[in-house]
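Student: Have a look at the structure that comes next, please.
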Amino acid sequence: DLNKVFPPEVAVFEPSEAEISHTQKATLVCLATGFFPDHVELSWWVNGKEVHSGVSTDPQPLKEQPALNDSRYCLSSRLRVSATFWQNPRNHFRCQVQFYGLSENDEWTQDRAKPVTQIVSAEAWGRADCGFTSVSYQQGVLSATILYEILLGKATLYAVLVSALVLMAMVKRKDF
């Protein structure tokens, strides 16, 4: 029944900071949901080229509501890359889902609409690592504090020196 044909909605979820900091890896997750029938092909594209390395896709779509005969389906896939590759803002990641509204065995005529075939995708760009962690922040604050104290000490020493020179000049004037 063509009235029950629903194309997928596709979303890409970015890797967690915890995963990146603990494993030096980044896993992007693609989720295709709400489609019926379950005829889809999912692929990952990085910088305009299809990739297979680091990809793990569910073996088949799952029913969102298994109790219903005409339940819509969902499918997930993961792409794992190095943390440094993910942290390059020039890298472009795209999850593409090709959806076939009818199977190859279904026939269609002029009285029946052509098979629904769509490409639905979602994307993400690499995120630059701003370099701030709690440790680097604390080190930066400590360095700034030490630098401030050095500059303050230097300014105080300069003020004492100038005051001493002014005082000596005033004493010499009184002697004349």
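In case you wondered, yes, glycine gets a Cβ from its N, Cα and C as well.
Grabbed the feature section from Swiss-Prot, which reads as follows:
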- 8-117: domain 'Ig-like C1-type' (DOMAIN)
- CYS30-CYS95: disulfide bond (DISULFID)
- ASN69: N-linked glycosylation site (CARBOHYD)
- 130-144: region 'Connecting peptide' (REGION)
- 150-170: transmembrane segment (TRANSMEM)
- 171-176: topological domain 'Cytoplasmic' (TOPO_DOM)
Student: Work out how many Å separate ASN69 (N-linked glycosylation site) and CYS30 (disulfide bond) at their Cα atoms, rounded off.
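Tutor: With distance taken Cα to Cα, CYS30 (disulfide bond) is 25 Å from ASN69 (N-linked glycosylation site).
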Student: As a quick check of your reading of DSSP, tell me how many residues in the domain 'Ig-like C1-type' (8-117) are helical, how many are strand and how many are coil.
Tutor: 11 helix, 52 strand, 47 coil
Student: By a simple count, how many Cβ atoms lie within 10 Å of the Cβ of CYS95 (disulfide bond), its own Cβ left out?
Tutor: 28
Student: If you count other CB atoms within 10 A of each CB, which of CYS30, ASN69 wins among these recorded positions?
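Tutor: Checking each of CYS30, ASN69, the winner is CYS30.
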